[in-house]
């Protein structure tokens, strides 16, 4: 029986191909857990970003925090909107990771992505996902994010309205009822254009930067003591999110205004014109520091948790398959 341990231990690095046939339900569950973890822990930062961006004259983070802390229930107010945020991020992440895995697995089986060349060139690294070319990383990340964003858009609108102090909604139900009554079902999709314009390039750039950073970190540490896959994923996730966030922040600022005041701003182009004319170019970068901080932490947490869950599950599935052949 002692001979069984060695083949299993040696087999671990070769479990990557199993990701092509990973159970969809497990990818959904891993994405859900990773999204819930990051959204609940980082809800105060998300709320602060919404409050800073909502004003025609964006207030400072310090003054916003001071106002919340001086309220009757500061801790509760910092986590205001946690339920819609957790629903949006949790199920949004589940849909996103499931779609992303399906797209990447499908593309990896074609000759369009140079899958084999990539694997031979850089090795398996710390990723639980199939390796793709730069353009495929960009395209799959963007497509999966926009699809998940559309499905979760009503929850996103409820979250933003509930977090804002523009509205006095006492519950998510009252918020949803008021939006449908005054704006129709269309109101639940306010700002989708700006959201898609933000999420598509953000997600595409994120996956591109994330995979490249993991390859770079794996290559630069290959001659020294190898760090754990989780540490490589965490650092890569944080850096990739910071870069992608800085590039796409104007779309996020516009999206927030559209979801809070759709009657005033109307559409994305009109919103940009009004914001620049009334508040200057700096309004397009309102909440940038908060968004970078939150996105860096949330993406690092979400992707690390997701990839570790998938890697461990696939190792187990691979061992089970190997044992079944004995």
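Backbone N, Cα and C atoms are what each Cβ position is placed from, and that goes for glycine too.
What Swiss-Prot annotates here:
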type: REPEAT; residues: 22-106; note: repeat 'Solcar 1'
type: TRANSMEM; residues: 28-53; note: transmembrane segment
type: TRANSMEM; residues: 81-107; note: transmembrane segment
type: REPEAT; residues: 135-216; note: repeat 'Solcar 2'
type: TRANSMEM; residues: 138-163; note: transmembrane segment
type: TRANSMEM; residues: 191-214; note: transmembrane segment
type: REPEAT; residues: 228-312; note: repeat 'Solcar 3'
type: TRANSMEM; residues: 232-258; note: transmembrane segment
type: TRANSMEM; residues: 287-305; note: transmembrane segment
Open item on the list: Test of understanding: applying the rule of at least three C-beta pairs under 8 Å (pairs 6 or more apart in sequence), is the transmembrane segment (191-214) touching the transmembrane segment (28-53)?
Closed with: no
In the same chain, residues at least 6 away from the ends of the transmembrane segment (287-305) whose Cβ sits under 8 Å of its Cβ atoms read 30, 33-35, 37-39, 41-42, 45-46, 48-50, 52-53, 58, 61, 89, 93, 206, 210, 230, 233-235, 237-242, 244-246, 249, 252-253, 256
Taking DSSP helix as H, G and I and strand as E and B, the repeat 'Solcar 1' (22-106) has 69 helix, 0 strand, 16 coil
In the same chain, residues at least 6 away from the ends of the transmembrane segment (232-258) whose Cβ sits under 8 Å of its Cβ atoms read 50, 53-54, 125-127, 160, 190-191, 193-195, 197-198, 201-203, 205-207, 209-210, 213-214, 217-218, 221, 264-265, 267-268, 271-272, 275, 283-288, 291-292, 295-304, 307-308
Given the transmembrane segment (138-163), its same-chain partners at Cβ distance under 8 Å and 6+ residues beyond its ends are 46-47, 50-51, 80-81, 84-85, 87-88, 91-93, 95-97, 99-100, 103-104, 107, 132, 169, 172, 175-176, 179, 187-192, 195-196, 199-208, 256, 259-260
Model confidence for the repeat 'Solcar 2' (135-216), as mean pLDDT, reads 87
